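Only one structure is covered here, and it is reproduced in the block below.
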Amino acid sequence: MPNYKLTYFNMRGRAEIIRYIFAYLDIQYEDHRIEQADWPEIKSTLPFGKIPILEVDGLTLHQSLAIARYLTKNTDLAGNTEMEQCHVDAIVDTLDDFMSCFPWAEKKQDVKEQMFNELLTYNAPHLMQDLDTYLGGREWLIGNSVTWADFYWEICSTTLLVFKPDLLDNHPRLVTLRKKVQAIPAVANWIKRRPQTKL
């Protein structure tokens, strides 16, 4: 088994999907969390100046979704067929496109709040409806078993609900999917013991 070291801030953020995958696959790793004050010094040492990074036996991987695909490759989390794998990637990318619209690093609080409000008020409802329609009456987003797309939905929606608690009031099927992911023993155990952070 390779030695894994995950480096990210002390928050869920873009590293949480990697942590869920490690938990589900029962893979041991070092969860190295850095403070904002240490970031400038660390940033200058990274090939692309961004985290999370995953060190695998000393070799550095970057980009959270690329890391997630690397870890889930040849596992049931990736999807059971090539077509399912494409659908998994499409749902993950759809969610990530939306999450990337938010000005997470904006320093002007009034500008940040206005943009968040617009996205949550006008854009989020359309995405929730699209996801609800896509899920339909199925148990999971893709195929007949859980994939990392379901994990990513739970992670992204947890963050969105911090800012818009009524986000899923009209989408009980999406709420049920969240609860199903949270009830998976390995995921439930991780959620229970992880550091509690806002984001």
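Cβ coordinates come from backbone N, Cα and C, glycine included.
Per Swiss-Prot, the features are as follows:
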- 2-79: domain 'GST N-terminal' (DOMAIN)
- Y8, R14, W39, G49, K50, I51, Q63, S64: glutathione binding site (BINDING)
- 81-199: domain 'GST C-terminal' (DOMAIN)
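For the recorded site, Y8 (glutathione binding site), the DSSP three-state label reads strand. Spanning the residues Y8, R14, W39, G49, K50, I51, Q63, S64 that the record associates with binding glutathione, the maximal Cα-Cα distance equals 17 Å.
Note on W39 (glutathione binding site): other Cβ atoms within 10 Å of its Cβ, all shown chains, come to 12. Secondary structure counts, DSSP: the domain 'GST C-terminal' (81-199) has 82 helix, 0 strand, 37 coil. The binding-site residues Q63, S64 differ in how many other CB atoms lie within 10 Å of their CB, and the one with the most is S64. Once Cβ contacts within 10 Å are tallied over all protein chains shown, the binding-site residues R14, K50 are led by R14. Of all Cβ atoms in the protein chains displayed, 21 besides its own lie within 10 Å of the Cβ of Y8 (glutathione binding site). Across the domain 'GST N-terminal' (2-79), the DSSP tally of helix, strand and coil residues reads 33 helix, 19 strand, 26 coil. For G49 (glutathione binding site), the number of other Cβ atoms no farther than 10 Å from its own Cβ, over all displayed protein chains, is 10.
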